[in-house]
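S.K.: Below are the structure tokens for one structure; questions will follow.
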């Protein structure tokens, strides 16, 4: 929702302040395939293994999202 940086539905998430729905100090992310322990995973980290003739999808190092590269192997 507007103004939220993270999903504050679960107080168990160590990256997100459940009271404010904001990332905790020092956290870059709270969830996502490219988020590990509140930090963006390194560029090139495989976040989705290829199926068929597609190449693996990899993290950008700048986001918690795992973008589809759309490239054939």
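Keep in mind that glycine also has a Cβ here, set from the backbone N, Cα and C atoms.
Found this in Swiss-Prot, in case it helps:
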DISULFID  6-21  disulfide bond
DISULFID  8-16  disulfide bond
DISULFID  15-38  disulfide bond
DISULFID  29-35  disulfide bond
DISULFID  34-59  disulfide bond
DISULFID  47-66  disulfide bond
DOMAIN    1-73  domain 'Disintegrin'
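Can you tell me where each of these features sits in this structure?
M.R.: Residue environment of residue 21 (disulfide bond) contains 16 other Cβ atoms, counted within 10 Å of its Cβ in all protein chains. Under the DSSP three-state reduction, residue 21 (disulfide bond) is assigned to coil, being neither helix nor strand.
Using a 10 Å Cβ-Cβ cutoff, residue 16 (disulfide bond) registers 25 neighbours. In the three-state DSSP scheme, residue 16 (disulfide bond) is classed as strand.
Under 8 Å, Cβ to Cβ, and six or more positions away along its own chain, residue 38 (disulfide bond) finds 14, 15, 23, 24, 26, 27, 28, 29, 30. Residue 38 (disulfide bond) falls within neither a helix nor a strand when secondary structure is assigned with DSSP, and so counts as coil.
DSSP classifies residue 29 (disulfide bond) as coil under the three-state reduction.
Listed in sequence order, the residues of the same chain lying 6 or more apart from residue 59 (disulfide bond) and placing their CB within less than 8 Å of its CB are 33, 34, 40, 41, 42, 43, 44, 45, 47, 66.
Under DSSP, residue 47 (disulfide bond) is assigned to a strand (E or B) in the three-state scheme.
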S.K.: Here the disulfide-bonded residues are 8, 35; which one has the lowest number of other Cβ atoms no more than 10 Å from its Cβ?
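M.R.: Each of the disulfide-bonded residues 8, 35 was scored; lowest Cβ tally within 10 Å is 8.
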S.K.: For the disulfide-bonded residues 15, 34, 47, which Cβ has the most other Cβ atoms within 10 Å, all shown protein chains included?
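M.R.: Per the Cβ count, the most surrounded site is 34.
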S.K.: According to DSSP, collapsed to three classes, what secondary structure does residue 59 (disulfide bond) have?
M.R.: coil
S.K.: Long-range same-chain neighbours of residue 6 (disulfide bond), Cβ under 8 Å, sequence gap at least 6?
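M.R.: Listed in sequence order: 13, 15, 16, 21, 22, 23, 29, 30, 31.
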